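Below: one structure, written as structure tokens.
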Amino acid sequence: MTQATLERAPGRSAGLAGSILLLLAAMATVQIGASLAKQMFALVGPLGAAALRLVFASLILVLVARPWRGELGPAERRAVLAYGVVLGIMNPIFYSALQRLPLGLAVAIEFTGPLGLALVTSHRRLDLAWVALAVAGVCLILLLKQVKGAVDPIGVALALAAGACWAAYIWFGQKLSVLLPSARATALGSCVAALVAVPVGAASAGVRLLNPAVLPVALAVAVLSSVLPYSLEMMAMKRVPTRTFGVLMSLEPAFAALSGLALLGERLTVTQWLGMGCVMAASLGAAMTARGGGGGHAG
């Protein structure tokens, strides 16, 4: 082994660890934002809340990143379009699920998308073991649910659909991250997403979208749920393998449950917290045993 190889190895490990920290920060901000967004539903509904979030996020990102500088090639345009359309579909669907389900439960069900992606892209038995542990945790959350009220089947279906969009977001986001700088990619993708979501939100909420009581909250949701997490995730995608990214996102239900408890008063049982612990253990195990290098990257 050469001296250069020895010097590069710690750098790769530090880069992966830093990217994992970026993902953890993204998870925390997006779940706090989701809790705030849920409080907007009474005024503008889930579709209106999603539209406002994406509009404010796009405005902020365009001002910061100035994505109009430089032309896009055909491959870049296709990647931006795919990434943005997925975001524009995912946000309204997830908010519609969130209207019918507790935050922690909605995110746990939505996680089936990244979990499926991690399973499909895995090439090691150890990765499958972490996925199995995460599945056990999700089953504890879903099968032994004891929160007041029955599980809304429409809400479950919407959360599953949002999960499929989430997996597509990971896939297309990885492809886009190697074509464009993170800030520019996020800004362009968010603009496309807004163009997808705004007509639906406007048709649903109408003039209520201009309610002065809603706009400051929508701005905060945009920053917490879109600007910060998407930017952090785009930076992390450059170093985190696809399968590791997918399994790491299993931490989302735990972050969501904590946010729902603190901001929405949504309490879970001991059994459900045990399920969250299984999911978190699977995520940490996947992170600690992740291989360096770019072999797991999409595309």
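Heads up, the Cβ atoms here are built off N, Cα and C, so glycines get one too.
So that you can see what the record holds, here are the features copied from TrEMBL:
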- 154-284: domain 'EamA' (DOMAIN)
- 47-68: transmembrane segment (TRANSMEM)
- 80-97: transmembrane segment (TRANSMEM)
- 103-121: transmembrane segment (TRANSMEM)
- 128-147: transmembrane segment (TRANSMEM)
- 153-173: transmembrane segment (TRANSMEM)
- 185-207: transmembrane segment (TRANSMEM)
- 213-232: transmembrane segment (TRANSMEM)
- 244-264: transmembrane segment (TRANSMEM)
- 270-290: transmembrane segment (TRANSMEM)
Using DSSP, tally how many residues of the domain 'EamA' (154-284) sit in helix, strand and coil.
113 helix, 0 strand, 18 coil
Mind checking which residues reach the transmembrane segment (80-97)? Cβ under 8 Å, same chain, six or more beyond either end.
37, 41, 46-47, 49-51, 53-54, 72, 106, 109-110, 155-156, 158-159, 161-162, 165-166, 168-169, 172-173, 175-176, 180, 185, 188-197, 200-201, 230
If you count CB pairs under 8 A between the transmembrane segment (185-207) and each of 47-68, 103-121, 153-173, 213-232, the winner is 47-68
